[in-house]
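What Swiss-Prot says about this one:
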| type | residues | note |
| --- | --- | --- |
| ACT_SITE | Glu52 | active site, proton donor |
| BINDING | His50, Cys75, Cys84 | Zn(2+) binding site |
| BINDING | Thr161, Ala162, Met163, Ala164, Trp170, Thr196, Asp200, Ser234, Gly301, Pro302, Thr303, Leu304 | NADP(+) binding site |
| BINDING | Ser168, Arg184, Leu204, Arg207, Glu299 | substrate binding site |
| DOMAIN | 1-123 | domain 'CMP/dCMP-type deaminase' |
| REGION | 1-145 | region 'Deaminase' |
| REGION | 146-367 | region 'Reductase' |
Amino acid sequence: MQDEYYMARALKLAQRGRFTTHPNPNVGCVIVKDGEIVGEGYHQRAGEPHAEVHALRMAGEKAKGATAYVTLEPCSHHGRTPPCCDALIAAGVARVVASMQDPNPQVAGRGLYRLQQAGIDVSHGLMMSEAEQLNKGFLKRMRTGFPYIQLKLGASLDGRTAMASGESQWITSPQARRDVQLLRAQSHAILTSSATVLADDPALTVRWSELDEQTQALYPQQNLRQPIRIVIDSQNRVTPVHRIVQQPGETWFARTQEDSREWPETVRTLLIPEHKGHLDLVVLMMQLGKQQINSIWVEAGPTLAGALLQAGLVDELIVYIAPKLLGSDARGLCTLPGLEKLADAPQFKFKEIRHVGPDVCLHLVGA
């Protein structure tokens with residue numbers, strides 16, 4: 001039970017990095033000697049010291065003969081920072097308990113093997129499902145080359161997203177919109193369509209003022225990382241004056257042809273081929289994976305939502321349901337043309353159901 005207690009602490013520490021570590025994974029480390037925590041830390045940003053280094057610095061000489069609990073296999077390769085294995089070995093740690101092996105081919109068990117070769121008692125697998133859930137985007141990209149895609153939808157009880165006129169502000173409650181801010185902040189990128197930009201002129205930023213007090217305390221406003229905004233714009237309809245281009249952070253456009261207009265330095269273009277007359281979403285996701293994008297939060301209209309679902313690219317649905325009815329003339333949730341049989345419908349299973357103010361939030365994953 002002691003091992004579980006300390007690993008749970010390491011996982012809690014790792015969660016603190018979920019807004020800032022991209023493209024790196026979230027990692028926490030706790031160092032224990034004689035039943036006392038002598039050092040702890042978590043990875044805060046890519047290029048900065050890893051969790052083990054922070055914990056070892058805190059532990060100092062007390063790390064000798066201690067046990068290190070780490071949520072991810074310590075790295076053994078030289079990246080932007082030195083290998084954590086070397087630091088653990090040099091500190092004289094006697095035992096290392098890792099929650100999960102690193103799926104990164106550069107590590108992939110080599111870290112644990114190196115520690116064993118140095119005479120350290122090594123084990124892994126403790127609370128592995130919790131560690132994998134914390135790094136689902138990193139894991140998906142390492143294993144498949146694709147980012148983890150969360151599709152956010154907001155609807156009425158009868159599955160409608162807007163009135164026939166297009167009026168949609170606001171179907172869901174202020175509490176639901178604040179909840180969205182937190183989930184946006186945890187994402188590496190936010191994806192939308194040119195149709196949504198033209199219709200709503202959204203900023204698609206994380207608004208620090210709408211985050212909960214605990215998150216604000218951990219992350220002062222000046223440390224807030226804005227997710228990369230990605231716009232699918234195959235016809236080059238979005239202009240440099242749209243709000244999404246003017247916000248802090250980067251805006252990427254997925255296009256099928258170059259755009260010759262003058263854009264701010266924070267704008268980047270990805271040229272993607274067409275497939276059946278539309279921008280190829282599968283190729284786009286492959287390209288984003290190559291750009292080390294771990295996770296994508298999608299906020300778009302029914303056309304892009306439906307296209308992602310039909311392409312089998314959605315890993316998780318997050319649906320906010322408001323307790324109101326909009327009627328049969330209102331706009332639907334997703335455009336899924338060509339569905340004739342129930343067997344052809346995209347299938348999901350419920351993962352979590354929670355109340356958010358007066359609304360309900362459904363979390364669903366692929367069946």
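Each Cβ is built from the backbone N, Cα and C atoms, and glycine gets one as well.
A count of other CB atoms within 10 A of each Cβ picks out Cys84 as the most crowded of the binding-site residues Cys75, Cys84, Leu204.
Neighbour density around each Cβ, counted as other Cβ atoms within 10 Å, peaks among the binding-site residues His50, Arg184 at His50. When the C-alpha distances from Trp170 (NADP(+) binding site) to the binding-site residues Cys84, Arg207, Glu299 are tabulated, the minimum falls on Glu299. A Cα-Cα distance of 36 Å separates Glu299 (substrate binding site) from Glu52 (active site, proton donor).
Sorting the binding-site residues Asp200, Glu299 by the number of other Cβ atoms within 10 Å puts Glu299 first. For Gly301 (NADP(+) binding site), the nearest neighbour among the binding-site residues Cys75, Cys84, Arg184, judged by Cα separation, is Arg184. Here the binding-site residues are Thr161, Thr303, and the one with the most other Cβ atoms within 10 Å of its Cβ is Thr161.
Neighbour counts of Cβ atoms within 10 Å were compared across the recorded positions Glu52, Trp170, Arg207, Gly301; the minimum falls on Trp170. Across the range of the region 'Deaminase' (1-145), the DSSP-based residue counts are 59 helix, 25 strand, 61 coil.
Model confidence over the region 'Reductase' (146-367) is summarised by a mean pLDDT of 89. In three-state terms derived from DSSP, Arg184 (substrate binding site) belongs to a helical segment.
Counting in whole angstrom, Cys84 (Zn(2+) binding site) lies 6 from Glu52 (active site, proton donor) by their C-alpha atoms. Secondary structure from DSSP puts Arg207 (substrate binding site) in coil.
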